[in-house]
Every structure is written in structure tokens, then in C-alpha cells.
Amino acid sequence: MSVPAQPAPGADGGDPRQPIRVPAGTTAAAAIGEAGLPRRGAPDAIVVVRDAEGKLRDLSWVPDADAEVTPIAANTDDGRSVIRHSTAHVLAQAVQDLFPQAKLGIGPPITDGFYYDFEVLEPFTPDDLQALEKRMRQIVKEGQLFDRRVFESKDQAREELANEPYKVELVDDKSGDPDVMEVGGDELTAYDNLNPRTRERVWGDLCRGPHISTTKHIPAFKLTRSSAAYWRGDQKNASLQRIYGTAWESQEALDTHIELIEEAQRRDHRKLGVELDLFSFPDEIGSGLAVFHPKGGIVRRELEDYSRRKHTEAGYQFVNSPHITKAQLFHTSGHLDWYADGMFPPMQIDAEYNTDGTVRKPGQDYYLKPMNCPMHCLIFRARGRSYRELPLRLFEFGTVYRYEKSGVVHGLTRVRGLTMDDAHIFCTREQMRDELRSLLRFVLDLLSDYGLTDFYLELSTKDPDKFVGSDEVWEEATNVLAEVGAESSLELVPDPGGAAFYGPKISVQVKDALGRTWQMSTIQLDFNFPERFGLEYTAADGTRQRPVMIHRALFGSIERFFGILTEHYAGAFPAWLAPVQAVGIPVADEHIAYLGQVAAQLKSHGVRVEVDTSDDRMAKKIVHHTNQKVPFMLLAGDRDVQADAVSFRFGDRTQINGVPREAAVAAIVDWISRRENATPTGELVKVDSGE
């Protein structure tokens, strides 16, 4: 689970340093020292520099001619990435020290940490990770030097790495995989760890760098877990053991990160799904296929019903499409050319057989649909269309099926069966910009209604190896999306090559309560599907024209959105979404009947309310319903019954005693009807107490 990078106190995570000059024949480190910049010990210590071409360089780098460089501090994204990469090398050295038979895979920095893959005889245990951390701390304390060395040839590299089969494979790598830090530069290089006193080589690794100067410049790190992983992420390859860790510019930053990890674990929707009886993943059904329990079903229904209402108000028309279709549809759309790996295998049906079992008439391949868009194209094409009907906005809660590898399936956020709140808008080119503007506003407003308000945008452009249509069409679509994104006043971040095969997209990136970023809504502009499906409308001048198609999923999928909201609210859903909105808790059994009357009054207003009639003591009932995240707990004892009142109890342990029944009912109904996303507390709920 990803948690946000935390800048050191006083730092914003950016690099405020001004460029400095490195004279020819001088190390970057010397220039840093001459400029009076910190080299170690501080969160803003300089770890590498960026040259005029944007390439990161070690501090030992010596330019042939005078060069202008930008110092990169430890508390920047690039600085942390270098520290983590160097820490991954220290991990690999520790593994080969303690497990000499271990073979090295790859060890890149990743968001908030790093990993390294190893071929070992047995999986790593928690005790192994402790021993490795201890050895790593020794290596850091030794202050080993990172020394860059250029191989004279690939043959020399293969010879030196003969006992490292995975590294030998990388010598000839041309994949451009960003996780492969070993190769990819202009030269084939190794980084040796040197004894700081004797400068003897202690250990080394095939690597393009850059690295920090010495292991002593690794301020704080921790190993977090281990798991199995296929070599290069391909399940056809060998299964290796992967160790994950994290490293930061200071102990304080590491401690903050660990606290966030622990809080993320407490909020894990998979854990809360069990504790709150929301959903499950039965083995009998299969990996990545969720079933929603009654309480989860209520939350899901509320999410969908509110979305339906807002789509109706925005002029969408509701459609439905089947779950399977003939293969030809996905040949037409291009999915079988460009997306087959993400689809389940075909089912051959409708074959006819002779009495002897031989095939008289071959069947046809049918596929579970991975997307709804081809079927919506057929709905548009089902009859003649006029410009007067455009924009035509089609909407469906359509369940699709995608073959996700078992290693990436994760709770509700990465599943194999998912229900998309899928819309496809068909419009004229003249309507395109206005439609995109209003669509983006609609998306942001609806997400805000669910309590998600911290956004930025990402513009995904053409993958040059995986697209349909002409370069000119892609360029026009990309420019239009960029223009609309820029007008939104939100940050627009480029994502080169990240588009689907049929068109560029803007995705809305949302930050949750922990500051983690989730890709949420996508808006995709498509000139290609209308061409492939022969979609036309009659224009005002009587000519036949192609519509523009806009693909849009607001939640991404209901399942994923459900999981994200569960973690955002730590299971304490806003009262309007909560499966149980209020619960009556009697002080004693003789108060049950009175609370039943209160509950009946709330139910008449549509409130989901229960009365706890269990044999548990009142204190235990309060603990139980607090843990179940019920927004409103209503207590009643003798004084409450006599006064026709209740006492409010909230999850933060605040309490309002002696609230007249009518006032209590009105306060709850008002809170829910206003769709308040805040958790109700004694301070927030405005109600007059009778005491």
C-alpha cells in the first residue's frame, strides 16, 4: 500500500537550489563544497547533481568542460530516489554476505521505498529480515564508498558476471523497463563498494547509477517485508524472493512514514471489510471476485442511487448491455489486437454435433466483455441519428471482466470482476470542447459530494507502440484535452505513453485522508471508435458526419471506489452512506420498547436504524457499535423514558444527554438529508438538550 512521501520539516519536497558551476576537471563534490552547500547530516544535504541535459550525476562526476549543474537535496523526490537505490545495493550486499548462494535480480527505487529480487534456496523469514537489517547497519557505519566503473565491453561484463545469470541477461537488455536500473545509459557500468581506508573492492553490482558518495550518507532505512515475485514480472519466468524496504532523508521522516504505514494498515479496506461485515472473497468463487454482504450492499446501493440521480439531472440516458459477446465485436473495436492479455479466454459455444460426436457446424468464440464501449457504439448505430440528438450521453452500471494476474489482484482496488459507472458521450466536433469542460466539472462536483476534494489532473498521451488511428487525429485529441485540463486551474501532470490504444485521456487523481494518491475518474477523447464502427449522424446541412466519442468512468469502478472510500473514512462512512445510521441502546430491557418507538419514528423518515436487544451490558453495546462505526447511538434509561427523550452518544465518546425525542429525530434526519460527510460529534450536531 502506497503512502505519501513526507518532506522533512521546513521542506516542501521541491529543490530550491540554484544552479552552480563545476569547473572542468573538478568533481561535483568539490563544487558543492566551494558553494558552501551541505554534504551530509542534514535533510537538505546534497546527494547528486543534475547536469544541463537533465541527467543525474554522482558527486564524484568530473566534467570534461565547465558545466552548470543543479544540486539535488536528499529531501526531494530525486534525492530520496537516489538514497533508496543506494540502500537497495546495501541490502543486496547484506544478502550475499549472509546467504552467499543468493543470486541477484533487480533492485530499483519505487514510490516511498525500494526492493531487491533474489534467487535463494528458501524464502526469507522475519528473523532473516532482522539479521539483514543488522548487517546493513554495519555496512552503513563502515562508510563504504560507491565507485562507478565502466566496462570496456559487453564481453567483459558477461565474463565478470558469469555467476550472476540474471545480471548477464540484463547486459543485453533493450526493453527500456524503468525498473531495470542496471542498464540503459550510454555506457555499461558497475558500482563497486570500496573499503574507505584501503579502497579495496568489497562488493559490486551491475548498475547505471547514480548513487550517493558513501554508505554513511544513508540517514535512515527499514526493511518492511518479503514476498515471492516472478523475474521481470512474468509468471513464465523463475520465482524469486523480493525484499521491500524504505529509506528517507532523516529518522524523523522515516518515523513519520512508518506511522502512516501503520495508519494505512488500520484503514486497510480488506481488514475493515471483514470487521464491518461489508464484503468477502470466497475461495469457492475465485481470486479478485467479490461478494457484497447486506451491509456492504447498502453502501453500494447508496453510492449508485446518488450517482443515478445526478446523471439523470445532467441529461444522461440509461442503457444496459450483456456480459458476453461474440469475438467479432472485439476484433472490430481492436481489443483483441491490443488488449487480449487483459481479457479472459474465449468460450466456444453454439457448435452443432453429429451423433458420432464430430462437429457438424463449428461454434463461435464468445468473450466476457472487458469494457462496455463497443456495445454502446452498437446502441448508437442501432438507428439513424440526427445532429439534434447530440450530445447523446449514454450511461450504464456495466459489469466487466478483466484478467488480472494473481500477483496484482488486491482487495477491491484491483479485481477481476468490476462494475463501471460507464458513460459514453457522442457529440459533434463543435460541441466537443464545451462537453469536455462540463464533463470535467460534473466529475469534480460529484467526487466532492462523496467527500473527496483534493484533486490534480494527469494527461495520458499516445503509446507509440500501441495505438489505433492516425498521428494527426491523436494530436488533435491530445491538444483538446490539454486545453480543457489547463482551463480547470488544476495541476496538469503529463503521463507520456499512458493512454489506452484508442485515445488520449485525462484522469482525475484524488488524494485521500492520508495524502495517498488514487487515480479516480477518466475522461478519454476518441476519434477512432466512431471510424471503426462506422458511426454517423445527419448534420444540419444533410451530410453524414462522424461523431466524436468521449469515454468516461467517474468512480473507475464501484468496487474500487468502495475500497477507497472505506480507507478514506477508516470505515466510518458518512451518515448518509452508513449501512446502519442509528442504533438504540437501552440501559436495561425495560427501555427496549421505548427505543422501538423512537426507531419506528426514524424509519418513517427513511433512516436505517436498529435497536440492540442483545443480553450484553450497555457499556459493551456502546463499545460494539462504536467499533461498527454507527454514526448515531441513542441511549435511553428511566429519566429519558419519563422525559420522552434520548441521549446522543458519538464515536469520539462525546455525549449529549436528555435530548427531546422530536428534536433528536429532527437532528438525525436533517444531518442525513444534507449529506454531511463529516463524522457527527457532540460539537458538530446542533441539538438542544433538555438538561
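A Cβ is built for glycine as well, from the same backbone N, Cα and C atoms used for every other residue.
Model, not experiment: these values are computed from the prediction.
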Zn(2+) site partner of C373, H424 (as recorded in Swiss-Prot), chosen from H257, H269, H551: H551
Tell me which range among 1-22, 67-88, 639-660 Swiss-Prot lists as region 'Disordered'. 1-22
Helix, strand or coil by DSSP: which one applies to C373 (Zn(2+) binding site)? helix
If you count the other Cβ atoms within 10 Å of each Cβ, which of the binding-site residues H424, H551 comes out on top? H424
Same-chain, non-site residues whose Cβ lies within 8 A of the C373, H424, H551 Cβ center for Zn(2+) are M371, N372, H376, C377, D422, A423, Q524, D526, F529, M549, I550, R552
Roughly where does the domain 'TGS' (1-73) sit in mean pLDDT, to the nearest integer? 81
DSSP-derived class (H/G/I helix, E/B strand, else coil) of H551 (Zn(2+) binding site): strand
